[in-house]
Amino acid sequence: MGTVVETPVKEADATVTVKKPTVVFVLGGPGSGKGTQCANIVEHFGYTHLSAGDLLRAEIKSGSENGTMIQNMIKEGKIVPSEVTIKLLQKAMEESGNDKFLIDGFPRNEENRAAFEAVTKIEPEFVLFFDCSEEEMERRILNRNQGREDDNVETIRKRFKVFLESSLPVVQYYEAKGKVRKIDAAKPVAEVFDAVKAVFTPKDEKAAA
């Protein structure tokens, strides 16, 4: 850890004085309720919520050259390169004027995770993991949505399988570093948020409460 002192010498530009933002990765399978909880965290704790999926969709909608490239890749069933998503996340972070971020639905896999840390030089403060059984997620998704075409049982199971295969190794990586805050997401929304609040409330405030 002693090398930290040397960084200002190597980077004698303005970036040295910039405080690194606080980043929390939010992971959970489809239907784990992370969207609802992210909205609550934004409201109560002043974080900016960034959804990788929303940023990619917005970029496509903008009709930019980048957006067209992303759209074509998705059409062809290819995975959008990590760097593309990370650049969109970085841009959104810079434009937000905030220094606390919930990054939702990213990193989706180990490659995403390694690329994010390499490109941004930011390691997440912690990972908020909404743990929920496949049965419960399936029930929720089928109940909530008649509208979305990707909400049939077969598709839900595929999405869940992809989540398990791709995202769980990311959770395990951070678990080994003691950075995972696991939330039982099968409980009612209010109870889940009580558990979330406990994670985000500074320890000294908890003691005073």
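The count begins at 1 with the first shown residue.
Positions of Cβ are set from backbone N, Cα and C atoms, glycine also.
Whatever TrEMBL says is automated annotation, not expert-curated.
Summarising the annotation, TrEMBL assigns ATP binding site to Gly31, Ser32, Gly33, Lys34, Gly35, Thr36, Arg144, Lys187. According to TrEMBL, the ribonucleoside 5'-phosphate binding site annotation covers Arg57, Lys78, Ile79, Val80, Gly105, Phe106, Pro107, Arg108, Arg148, Arg159. Taken from TrEMBL, the feature CMP binding site covers Asn112.
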Here's one to test understanding: among the binding-site residues Arg57, Ile79, Gly105, Pro107, Asn112, whose C-alpha is closest in space to the C-alpha of Thr36 (ATP binding site)?
Gly105
With the fewest other Cβ atoms within 10 Å, the residue among the binding-site residues Ser32, Thr36, Asn112 is Thr36
Which ones in the same chain are close to Lys187 (ATP binding site), with CB under 8 Å and 6+ residues apart in sequence?
Ala195
Find the one among the binding-site residues Ile79, Gly105, Pro107 whose C-alpha lies closest to that of Ser32 (ATP binding site).
Gly105
In whole Å, note down how far the CA of Pro107 (ribonucleoside 5'-phosphate binding site) lies from the CA of Gly31 (ATP binding site).
18
Excluding near sequence neighbours, so keeping only residues 6 or more apart in the same chain, what lies with its CB under 8 A of Gly33 (ATP binding site)?
Phe130, Cys132, Arg140, Ala185, Val189, Val192
Which one is it, among the binding-site residues Ile79, Gly105, Pro107, that lies nearest to Arg144 (ATP binding site) by Cα separation?
Gly105
Alpha-carbon distance [Gly105 (ribonucleoside 5'-phosphate binding site); Asn112 (CMP binding site)] in Å:
11
